[in-house]
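Some notes on the structure that comes next.
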Amino acid sequence: MESSLAFHDGNIYDFLQSRYLDVRPDVNSSLHMHSSLVRRLSQEKELEGHQGCVNAIAWNSTGTLMISGSDDTRINIWSYSGRSLLHSIETGHCANIFCTKFIPETSDELVVSGAGDAEVRLFNLSRLNGRGEEDNAITPSAMYQCHTRRVKKLAVEIGNPNMVWSASEDGTLRQHDFREGTSCPPAGSSHQECRNVLLDLRSGAKRSLADPPRQTLALKSCDISTTRPHLLLVGGSDAFARLYDRRMLPPLTSSQKRMSPPPCVNYFCPMHLSDRGRSSLHLTHVAFSPDGDEVLLSYSGEHVYLMDVNCAGGSAMHYTSGDVSQLMSFSPVLGGAELHKPTSDVFPKYLSKRRNAARLDKCRKLVQLAQRSLEEGTNYYYGIELCNEVLDGYGHDIGLALKHECLCTRAGLLLKRKWKNDANMAVRDCYNARRIDSSSFRAHNYMSEALSQLGKHKEALDFARAAQCLAPSSSEVAERVESIKKDLAEERNNKGNDGAPRSEPRGGRVLSLSDILYRAEANSDASQDGPRSEREDSDYDEELELDFETSISGDEDHDAEPNVLHGSLNLRIHRKSDSARENGGANGLCGSPSSSSHNERHQPEAVIDMKQRYLGHCNVGTDIKQASFLGQRGEYVASGSDDGRWFIWEKRTGRLIKMLHGDEAVVNCVQCHPSDCVVATSGIDNTIKIWTPSASVPSIVAGGAAGPETSDFLVAMEGNQRRLCRNREAILCRPFEILERFRMHEFTEGSLRPFECAQS
C-alpha cells in the first residue's frame with residue numbers, strides 16, 4: 001500500500017536542504033509533524049499521578065508545561081522537559097473534571113477547571129508551596145457556580161489574561177471576567193443574577209435542517225479561533241456546529257429568562273447527517289485549524305469531518321434542505337448544489353508539460369489499480385484509498401474524463417465495502433459523476449444501488465430505470481429493477497391503511513421513553529404545562545432528554561471482546577419540565593421563543609458541507625472524545641477511539657497514516673505539542689502517554705513494527721465499524737430490561753440530575 005502512494009508533504013531531506021535556500025518562515029513549521037516523523041511515533045513515557053480517568057490535557061503556549069484534569073478531581077501540572085509531575089492540586093470539585101486550561105499571558109500562574117458539578121474554578125499556582133502531591137490544598141482565586149449542569153469545555157483567547165469561556169450542558173455559554181468578580185451564588189439561588197451568558201441556546205437545538213430550533217442544545221464543546229479571536233465555534237446535542245462572531249452577539253444577559261438563539265455566522269454539518277432527525281446524534285468535539293480557515297467536527301456514533309470556514313454566499317460547499325432531497329432525486333438535467341469545487345479540464349499553467357504528463361500517467365495507473373480491486377472483489381479499502389489519492393490529491397490536475405471514471409469506481413468500491421455512511425458517500429460520487437456526464441450508465445447504476453442500500457426504493461427505481469434505458473441489454477440492471485419493485489411492494493404491505501407502519505399503536509404514535517419511565521406522572525405533568533391541546537404541536541415536550549454513555553471499568557476482563565457494552569452504562573435522564581423549572585421558575589418556559597408564530601417564521605438556513613471525512617475509529621462510549629489538528633499548519637488530523645487506539649490521518653486525502661494503542665479501554669484526548677513532534681494522549685487509564693518519533697522503523701501500526709501491516713489495521717478498522725453501527729443500537733433494542741429499574745427508582749423532587757454516573 002505505502003509503495004503505491006506517496007506522501008504530500010515531500011521528502012524530509014529535501015526540506016532540510018531547502019532551509020539554506022528558502023527564506024519562507026514556514027519551512028520549519030512544515031517539519032513540525034512531517035510524515036516521516038509521524039510514521040515513527042511510539043510511546044516514550046507514561047506519566048503517573050492521577051487516580052482516575054484523565055479527561056482533559058492541554059499544553060501551555062510555549063510547550064514547557066502540561067496541565068491535566070481527572071475523575072479524581074485533581075489538576076496536575078507536568079514538566080515537559082523532565083516528563084515529571086510538578087504539582088497536584090486538590091481542586092474541591094465534587095465531580096469529574098472535564099476541562100482545564102492555562103490562562104494566557106499570566107506566566108502560566110493562572111489555571112482554570114470545569115467539572116461535572118457545574119462549577120468553574122480558577123487557581124493561582126504562585127500560592128503553592130511544595131511540589132508533587134505535598135501542595136494538595138489550595139483555595140480557588142475565583143469560583144463560578146452559575147451553570148446548572150456539567151461544564152464540558154473551556155476556551156481561552158490568546159493574549160487575554162482576564163477572561164475564560166465555559167460551555168455547559170445547560171445550554172449556555174458563559175463569559176467569566178476575572179476583573180468583575182471572583183465568585184457567584186449557586187444556580188437556583190434567589191439572588192443569582194450573574195449577567196455572564198454570552199450564548200443562550202436553551203431553545204437552540206435542531207432535529208434536522210428544516211426544523212426550527214426548539215430544544216435545549218446541551219453544549220459539549222467550544223473553541224475560539226487563534227487567528228481571528230472574535231470567531232467562536234460551539235457544538236452540542238444536535239448535528240450542527242455553529243460559528244458566531246462575538247462582536248455581533250447581544251449584550252451579556254442573566255439566565256432568568258430564556259432567550260431566542262442569536263443568529264450565527266455559519267452552520268456546519270455533513271449533508272447526509274442534516275436531515276436524519278436522530279436525537280442520539282450529537283457532537284463531542286469541535287476545533288479550529290491553526291490558521292483558522294477550517295473546522296473539525298467529531299460526532300458520537302459517527303466519523304470525524306473537516307469543513308471550510310471561509311465559504312462565502314453561493315460557494316460550492318453551501319447547501320440547503322432542498323439540496324438534500326435533490327441530491328437523491330432523478331432529473332435528466334442536473335442543477336443545485338455542487339458537492340465539490342469544479343476542476344479544470346486542463347492542467348495549471350505553472351506546471352511544465354512533462355510534469356503534467358507524469359502526474360496524469362500516475363493518476364491513470366492508480367485508477368486502473370482501483371478498478372482492478374473492484375473487479376476482483378478484493379481489498380476494497382485499498383481501492384478507495386487509491387481513488388482518494390487521485391481525487392483529493394490531484395483533483396485539479398486531471399481531466400474530466402478521468403475524474404468521472406475515478407468517481408464511478410470509488411462509488412462502486414464504497415458500495416461493496418459497506419462501512420458506515422459509505423452508501424451516502426457513493427451517492428455524492430454518483431451525483432458528481434452525473435454532473436460530468438449526464439448519460440453515464442455507471443453513475444446511474446451505482447446511484448440506484450446506493451439508494452437501495454439507504455432504503456430509498458422509490459428513488460432507486462427511478463435511477464434503475466434510467467440505467468436500463470442507457471443499457472437495455474444489461475441483465476444486471478433488469479434484475480435490479482425487478483428487485484427494487486419487490487422491495488417497494490413489501491414496503492407498501494408493511495404500512496397500514498393510513499400510511500403508518502403496522503407496528504405502531506393504533507393511535508399513530510410510538511411509545512416514547514417517557515411513557516415507559518413516567519407513565520404514572522403523565523397527568524400531573526400535563527396539568528403543569530398547560531392544556532393538552534397546547535402541547536400536541538410539539539413532539540419535544542412529550543420526550544425525555546436522554547443521553548446514553550458507556551464507560552469501561554478498570555477491573556474488567558479485557559480478554560472478552562473489547563468495549564462492547566461491558567462495564568457500566570451511564571444514563572442521564574431529566575424531564576423537559578425540570579429544565580423548564582430551572583430557567584423559568586414557576587411560570588415554566590418563561591420567555592421561551594418556541595411559539596407557533598416563531599416556528600411559522602422560521603426559514604431553514606444554509607449549511608456548510610463536509611470537505612473530508614476521517615474514518616476507522618469508533619466514537620460511541622464517551623462524549624468527551626476529541627478530534628485534533630496536528631502540526632503548526634494542521635497537516636494531520638488525530639482522534640481517540642473506543643478500542644483503546646488513536647488514529648492519525650492525512651488531512652488533505654483522509655488517508656490513515658498511523659494507528660497506535662494508547663489505552664486499555666478508550667482514548668479520549670489527543671493534544672499536539674505546540675512546537676515539537678510530540679503528542680500527549682489520555683483516556684480511561686489513570687495515566688498520560690507521551691509519544692515521540694522514536695521508533696526505529698516507519699510504520700502505520702504501533703511501535704514501528706516491520707513486515708505486513710495491512711491486515712492488522714484493517715481488522716481494527718472493520719471492528720470499529722461494526723461497533724459504531726452496533727453499540728448504540730444494542731442499548732436501544734433492550735430498553736425494558738435496562739429502563740425498568742430506572743422507572744422504579746425514586747427521584748428526589750426537583751432534582752436536576754435524577755440519575756448520573758461518574759464517567760463521562
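Backbone N, Cα and C atoms are what each Cβ position is placed from, and that goes for glycine too.
The feature repeat 'WD' is assigned by TrEMBL to 47-88 (among others). Residues 94-102, 104, 108, 111, 113, 115, 123, 125, 128, 131-133, 135-136, 158, 551, 624, 668-669, 671, 673-676, 678, 680-690, 758-760 of the same chain, all 6+ positions outside the repeat 'WD' (47-88), place their C-beta atoms under 8 angstroms from a C-beta of that stretch.
The region 'Disordered' annotation in TrEMBL covers 487-508 (among others).
According to TrEMBL, the feature compositional bias 'Basic and acidic residues' maps to 487-507.
Residues or ranges marked as region 'Disordered' in TrEMBL: 521-542 (among others).
Look at TrEMBL and you will find 577-603 (among others) tagged as region 'Disordered'.
Long-range Cβ contacts of the repeat 'WD' (660-691) within its own chain (Cβ-Cβ under 8 Å, at least 6 residues beyond either end) map to 32-34, 37-38, 41-48, 50-59, 61-63, 66, 68, 70, 78, 80, 83, 551-552, 554, 556, 558, 562-563, 567, 621-622, 624-632, 638-646, 648, 701-702, 759-760. What TrEMBL records for 660-691 (among others) is repeat 'WD'.
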The repeat 'WD' (47-88): DSSP-derived helix, strand, coil residue counts: 0 helix, 25 strand, 17 coil
